[in-house]
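> Supplied in structure tokens, the structure appears directly below.
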Amino acid sequence: MSILVKDRKFYRTLFPLIAVIALQNVITFVVALADNVMLGMYSETALSGAALVNQIQFLLQMVVGGIGEGMLVMTSRFWGAKDITSIKKTTAVGLLLGIITAAGMWAAVFFLPREVLSLFTFEQTVIGEGTQYMQIVCFSYVFFAVNSILLASLRSVETVKIGFIVSVISLGVNIFLNYMLIFGNFGAPELGARGAAIATLAARIVEVGATCLYVFRIDQKIRLKMRELLRISGTIFRQYIKVGTPVIVSGAMWGVAMAIQAAILGHMGQTVIAANSIAAAVFEVVTVVAYASASAAAVVIAKTLGEDRKEMVKPYTRTLQMIFLMIGAATGIILFFLKDMIVGLYSITPETKQLALEFMTILSVTVVGTAYQMPALTGIVRGGGDTKFVMINDLIFMWGIVLPISAFAAFVWSWSPVLVFICLKSDQILKCFVAVAKVNRYRWIKQLS
């Protein structure tokens, strides 16, 4: 039995999806990294304040991402069956939920900014900088949600290049405006954190404008019309709730858990906040291939089932697992050897620099586990229709193990930031054992209707 499948159609579908989604994600994360680096050059307090706000943005990304991934499980299978009408109806449901989520989060952070940020740190200077940043950047939330859902719909029908193009445009707008508004170049006022927020908002508006232009004027696969998004199918909505709710809950709980992780580290001091923000931003960039492989795997598995080719699911699954492991090993090596050069870009204290390097060394090990278990569970298993298992697994590991132990380590046992960080990332290795057992039993293939 061959470990790698000899099916050219499989590779012609998988690798272009991984490549373009990864490039799109690189650009998306580089936009955030540009804010991070330029604010780090401006002041460590501005960097720390924006970093805390980005934890809230991350929560939104996880919830909206969950809405999009739940939608993708359905639309990819509809794509395999060539059921375009159902793809349109599912996209309408996803957009409705995404907009409601983004609007709710905007209201919370716009009207209660200091109260929200005080959950992450007691440092008033950091809260002050973060408040300035958050009250502007929160207006980008709805634009982000609409853009993410539309791109997820396109991704499910294997249209991915537009996502990359839109992200490149967004990056250009963001970097130019960051340079102009953070530091006061080209005659603009020096706005610091507020300048970074304005740049991010402008980039999101340009982003969604370009995506909508493609979806409603150029796309030839879905041929979506604006009026079709205003009609919600009760049948599709109920089906989405069944399939998508576990994905949304998983994304929301993961986003909240990441925010709590940031709060745990945030209450250990400003140096720890800054070091974690640097490590987290870099980690997001270097793991884009792993995240892209998860999304691509979900599309491939769901589409294969939609085409009623169940006999190919097992060989595809074996091959995907080998690819995930190779991606993890390569990512860990890259992160380990580039960490010194990356940290050198920041104008930070020696203590912050040393701590950031230690955090990134830990991540260079745990990323191997992340690159295997995350796409195995959220790509293969979820793509097969078993969305509930992934949710339960995430809840047990994060809320039952990692967060309680890490909180005790930080606040009761008074462990060092490095040991607390190890506790926070330990689930990325532990989940691998569950992933191996679950994936290779093939009990995750489910009917969606």
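Heads up, the Cβ atoms here are built off N, Cα and C, so glycines get one too.
Feature table excerpt (TrEMBL):
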{"type": "TRANSMEM", "residues": "12-34", "note": "transmembrane segment"}
{"type": "TRANSMEM", "residues": "58-80", "note": "transmembrane segment"}
{"type": "TRANSMEM", "residues": "92-112", "note": "transmembrane segment"}
{"type": "TRANSMEM", "residues": "132-152", "note": "transmembrane segment"}
{"type": "TRANSMEM", "residues": "164-184", "note": "transmembrane segment"}
{"type": "TRANSMEM", "residues": "196-216", "note": "transmembrane segment"}
{"type": "TRANSMEM", "residues": "247-266", "note": "transmembrane segment"}
{"type": "TRANSMEM", "residues": "278-302", "note": "transmembrane segment"}
{"type": "TRANSMEM", "residues": "323-349", "note": "transmembrane segment"}
{"type": "TRANSMEM", "residues": "355-374", "note": "transmembrane segment"}
{"type": "TRANSMEM", "residues": "395-415", "note": "transmembrane segment"}
> Let me check one thing: do the transmembrane segment (132-152) and the transmembrane segment (278-302) come into contact, meaning three or more Cβ pairs under 8 Å with sequence separation of at least 6?
no
> Would you say the transmembrane segment (196-216) and the transmembrane segment (278-302) are in contact under the rule of three or more C-beta pairs closer than 8 Å, pairs 6 or more apart in sequence?
no
> Contact between the transmembrane segment (12-34) and the transmembrane segment (247-266) is defined here as three or more C-beta pairs under 8 Å separated by at least 6 residues; is that satisfied?
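Taking Cβ pairs at least 6 residues apart, the transmembrane segment (12-34) and the transmembrane segment (247-266) are not in contact, as fewer than 3 fall under 8 Å.
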> Counting only residues 6 or more past its boundaries, what in the same chain has a CB within less than 8 Å of a CB in the transmembrane segment (164-184)?
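Sequence-distant neighbours of the transmembrane segment (164-184): 20, 23-24, 27-28, 30-31, 34-35, 38-39, 42, 147, 151, 190-196, 198-200, 202-204, 206-207, 210-211, 214.
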> Under 8 Å for C-beta pairs, could you tell me which stretch among 12-34, 58-80, 323-349 has the largest tally with the transmembrane segment (355-374)?
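Looking only at 12-34, 58-80, 323-349, the most contacts with the transmembrane segment (355-374) come from 323-349.
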> Would you kindly list the residues that approach the transmembrane segment (58-80) from elsewhere in its chain, counting only those six or more residues past its ends and only Cβ-Cβ distances under 8 Å?
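For the transmembrane segment (58-80), the sequence-distant neighbours (Cβ-Cβ under 8 Å, at least 6 residues beyond its ends) are 86-87, 90-91, 93-94, 97-98, 101-102, 105, 141, 144-145, 148-149, 151-153, 155-158, 239-240, 243-252, 254-256, 258-259, 295, 298-299, 302-308, 378, 382-383, 385, 387, 448.
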